[in-house]
Amino acid sequence: MEGTEELTLEQMAFMMILHSGNARSTIQEAIQTYKNGSYEAFEAQLATAREQLKEAHQTHFGQIQKEANGEKTDMSLLLLHAEDHLMSTQTMLDLTASLIEMMEQKIVNPNQEG
């Protein structure tokens with residue numbers, strides 16, 4: 001993320017929460033879109049969610065780089081919450097994509113086992 005080195009730890013945590021929260025909302029909307037039968041719109045929404053998660057990950061990575069370069073990081077509940085939010089949203093995205101892929105395989109080949 002451009003300019004990450006200028007953000008405070010609190011600002012970085014809020015940026016992670018913002019972007020991962022946006023991604024989570026978009027994933028939930030995408031699931032509803034899929035249920036309504038619009039697979040192309042679903043894919044577009046998942047792409048948007050991936051971009052939001054990428055922003056959150058880049059913010060997080062900026063902080064990891066600082067620590068790797070010797071800058072001390074003070075841990076806070078806010079940062080832990082942001083990391084939890086980020087990882088649970090990533091899991092939600094991965095599971096959604098996998099479940100839809102499995103469902104599509106069953107639709108294309110209903111006699112397939114597994």
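Cβ coordinates come from backbone N, Cα and C, glycine included.
Database features, via TrEMBL:
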- HIS81: active site, tele-phosphohistidine intermediate (ACT_SITE)
- HIS81: phosphohistidine (MOD_RES)
- ASP84: Mg(2+) binding site (BINDING)
Assigned conformation of ASP84 (Mg(2+) binding site) - DSSP reduced to three states: helix
Nonlocal neighbours by CB distance (under 8 Å) for HIS81 (active site, tele-phosphohistidine intermediate), same chain, sequence gap 6 or more: ALA13, ILE17
ASP84 (Mg(2+) binding site) CB neighbourhood, other CB atoms within 10 A: 13
